[in-house]
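Taken from TrEMBL as is:
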type	residues	note
DOMAIN	21-211	domain 'MacB-like periplasmic core'
DOMAIN	296-419	domain 'ABC3 transporter permease C-terminal'
TRANSMEM	21-45	transmembrane segment
TRANSMEM	289-314	transmembrane segment
TRANSMEM	345-370	transmembrane segment
TRANSMEM	390-412	transmembrane segment
Amino acid sequence: MRTTDLIRSAAGNVLRSKLRTALAGIAVLIGSFTLVLTVGVGSGVNAYIADTVNSIGAPTTMELSRSDDTEDGDLPVYDPNAGTVTGPGLSGTGLGITEQQLEEARALPGVVSVEPIDTILVDYVQRPGHAQYASGLNAPQHDNVFQMSTGTEPDDESSDYEVAVPPTYVTALDYADEAAIIGDEIVFGFRDQGGSTHTVTATVTGVILPSVVPVTTPVGNAALINDVADTQAAGGASTAAPIASASLVFDVDLTEAEVVQLKDDLAAIGLEGATVSDRIGTFKAVIDGIVLILAAFACIALLAASFGVANTLLMSVQERTREIGLLKALGTSSLRIFSQFALEAIVIGLLGALIGGGLAVIAGMVANSILQDGVLSTLPGLSVYAADPLTLLLVLAAILAITFIAGTAPAIRAARKEPIEALRYE
């Protein structure tokens with residue numbers, strides 16, 4: 001009996017008892033549907049996180065802050081010789097980063113650059129001739145990449161003052177739509193440390209796309225931020241510009257172990273470094289945990305389905321005992337008998353996996369369409385479900401492996417039957 005004959009025979013045999021096969025197949029279908037849908041949700045959410053993570057910072061960037069060396073729940077002891085943080089909104093002698101610490105950080109192995117992040121605070125934003133609104137202004141960080149809904153990011157190499165705004169600023173500043181604000185100028189008002197009020201005008205280059213890591217205030221280019229920071233440092237302040245945090249860029253070739261060592265080296269000089277992965281790690285861990293739990297339930301459903309497949313084949317072996325005896329009497333090997341029943345198990349698993357997986361993909365796509373127009377409309381680009389072909393193939397292979405294993409016991413039982421005894425079976 002050729003392999004093609006075995007496959008054709010297996011496909012025909014599973015249809016002998018349609019109801020019994022259908023019940024076993026439905027059990028596999030339910031497990032397949034749940035597993036494919038769960039894995040797809042995990043893929044969709046994680047892909048969205050990966051796409052938007054650059055809006056926090058580049059993968060090779062750490063944000064540095066001063067570590068306080070205190071136990072959890074304790075406050076740091078006041079040290080008059082500590083770094084002074086005196087910028088707007090940060091007045092006081094506290095846990096600021098010192099220039100010496102920045103120099104020591106620059107000298108660490110694997111560090112490409114270390115630059116302080118300017119601390120600025122603006123009072124309001126205004127479209128010329130319109131109302132003033134309370135606002136902030138974010139400084140760009142090294143290799144920051146924002147996803148833009150309209151327009152482009154501010155150019156850090158430009159000497160012109162440029163800014164990108166969140167979508168809420170479009171309507172707040174009385175623009176008809178996002179396209180209308182692109183290329184227009186808006187005014188930021190701020191005070192220096194002496195209390196004098198200043199204004200600066202910047203051109204809007206783009207509107208930032210909302211994401212799971214929201215940007216709620218405008219983001220300026222280096223020229224704009226530096227001008228505001230320099231102006232705010234004037235006006236009677238005798239202290240150096242505040243260094244509340246800094247941006248460290250490390251070598252892209254550093255291994256994970258070397259990055260951990262770099263964090264330890266930073267801790268030794270009183271600094272704490274947090275990468276993009278550190279900042280989103282908790283959120284991603286929660287998502288992965290939920291997906292893992294749901295996938296575990298799907299696997300339990302598939303395990304239960306495997307007993308149904310085994311029972312179906314055991315009953316089939318019992319009903320076809322005389323047929324098995326005849327085949328063996330005609331010279332069919334035990335391996336061929338085993339292969340035939342094992343293939344029947346695989347056929348049941350394949351039908352259930354394909355139908356269940358197909359329904360899961362359709363359900364996921366429909367859910368995407370409904371949710372993107374509904375509760376997730378404020379997060380453009382988020383697909384709750386993503387059908388990754390490689391993942392689907394791995395799930396299909398896993399289901400076929402489970403059903404094959406479930407079919408081995410009945411297949412072995414069939415292969416071991418003696419021809420004479422099988423032919424005498426009533």
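The backbone N, Cα and C atoms fix where each Cβ goes, and this holds for glycine too.
Remote same-chain residues near the transmembrane segment (21-45) are listed as 14-15, 287-288, 291, 294-295, 297-299, 301-302, 304-305, 308-309, 311-312, 348-349, 351-353, 355-357, 359-361, 363-364, 368, 382-388, 391-392, 395, 398-399, 403 (criterion: CB distance under 8 Å, separation of at least six residues from the stretch ends).
In the domain 'ABC3 transporter permease C-terminal' (296-419), the DSSP tally of helix, strand and coil residues is 100 helix, 0 strand, 24 coil. The average pLDDT the prediction assigns to the domain 'ABC3 transporter permease C-terminal' (296-419) is 85.
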